[in-house]
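Enquirer: After the structure tokens below, expect a handful of questions from me.
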Amino acid sequence: MSEGSTTRYRIGYALAPKKVKSFIQPSLLNLAKERGIDLFPVQTTKPLIDQLPFDCIIHKSSDPEWRNQLEQLLMQKPNIVVIDRPEAIERLHNRVTMLQAVNQLEIGNGFSIGVPKQVSVENPQSLIDSVASSGLRFPVIVKPLVANGTACSHKMSLVFNEEGLRGLNLSQPFVLQEFVNHGGVIFKVYVAGKHIQCVKRRSLQDISEEKLGISENSVSFSQISNVTAQDHNDDGVEKLVEAAELPPSSFVTEVASQLREALKLNLFNFDMIRDSRVEGRHLVIDINYFPGYAKMPCYETILTDFFLDSVRKKPSVVSKDC
């Protein structure tokens, strides 16, 4: 669409009120409008077919009725672009299945990608046995198996020993993921179709063998990138993050592009760390659907470019600058 074109596209968004507040900012609405895109809220409690026309629908809802409406719409109106397919999103709601695709990636040029050693535990009573049989070494991160965006799914613990595991009050299936020293920095890679941006954030600090022996049994937190730094002041942590070098853009782009193909998703981000034990080795520790894009620099430009790619169905390029 050239400047001055009268062609306009209608994109419907079905998002929870909290997501609407953070994502549908005036800055995004205005830029999208300038470029020929009108964003409209979709009422998930009303028949979707009655709210047409839409050229594209973006959504983040796990409600079974909403999923049924989307499937019916896709059968009746196959020309409407739905981002993303419910069955593909569902894969990210489980912390085991979300990372399986990472092991399928083939990355070269001196770099490698993988996931930390982890094991899922259905019965908390078999906790200690699960650690012993899996070969996991302390410390470990305990995460709920279900990753559906609820407050409960974000409750995690860093556990330093068996006593720490015994002290946890666990009533649901969860995952034990081996903690890997990574320099106290996490890389958050945002993906919007072929548009990719990597940012760095503070993370859990490295744990030495000496510290492991004198640490408390466990520490609880909700987000690794927001965890309170242990034994570090804020200035020291921020300097650490500032000094950290981002992974090469070609490597980040290759990982993101291959993950996008493997997951069959367009709107997601993944948390990646640099494995301090092996040169060039990186680990994906989490993948989230439709993350907080507003935290990403220039998110309005990147998302608008992605919307246009989607409705025009033309190849796009990776966004590097604002």
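The backbone N, Cα and C atoms fix where each Cβ goes, and this holds for glycine too.
Automatic prediction, not curation, is the source of TrEMBL annotations.
These numbers come from a predicted model, not from an experiment.
What TrEMBL lists as 1D-myo-inositol 1,3,4-trisphosphate binding site is Lys19, Lys60, His154, Lys188, Asn288, Gly292. Residues or ranges marked as ATP binding site by TrEMBL: Arg95, Lys143, 177-188, Ser203. Annotation comment: TrEMBL describes Asp271, Asp286 as Mg(2+) 1 binding site. Here TrEMBL flags Asp286, Asn288 as Mg(2+) 2 binding site. The annotation domain 'ATP-grasp' is assigned in TrEMBL to 105-319.
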Enquirer: Taking only C-alpha atoms and a 10 A limit, tell me which of Lys19, Lys60, His154, Asp286, Asn288, Gly292 are near Val185 (ATP binding site). These are the binding-site residues.
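Expert: For Val185 (ATP binding site), the binding-site residues whose Cα atoms are within 10 Å come to none.
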Enquirer: CA-CA, which of the binding-site residues Arg95, Phe179, Asp271, Asp286 lies nearest Lys188 (1D-myo-inositol 1,3,4-trisphosphate binding site)?
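Expert: Sorting the binding-site residues by distance from Lys188 (1D-myo-inositol 1,3,4-trisphosphate binding site), the top entry is Asp271.
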Enquirer: Ser203 (ATP binding site) to Asn288 (1D-myo-inositol 1,3,4-trisphosphate binding site): how many Å between their Cα atoms?
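Expert: With distance taken Cα to Cα, Asn288 (1D-myo-inositol 1,3,4-trisphosphate binding site) is 17 Å from Ser203 (ATP binding site).
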Enquirer: Which ones, of the binding-site residues Asn181, Gly183, Asp271, have a Cα no more than 10 Å from the Cα of Asn288 (1D-myo-inositol 1,3,4-trisphosphate binding site)?
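Expert: Near Asn288 (1D-myo-inositol 1,3,4-trisphosphate binding site), where near means Cα within 10 Å, the binding-site residues are Asp271.
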Enquirer: For the binding-site residues listed here (Lys19, His154), which one has the lowest count of neighbouring CB atoms within 10 Å of its own CB?
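Expert: Per-residue Cβ counts within 10 Å for the binding-site residues Lys19, His154 bottom out at His154.
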Enquirer: If you compare CA-to-CA distances from Gln177 (ATP binding site) to each of the binding-site residues Lys19, His154, Asp271, Asp286, Gly292, which comes out shortest?
Expert: Asp286
Enquirer: Name the residue among the binding-site residues Gly183, Gly292 whose Cβ has the smallest number of other Cβ atoms within 10 Å.
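Expert: Minimum Cβ neighbour count within 10 Å, taken over the binding-site residues Gly183, Gly292, occurs at Gly292.
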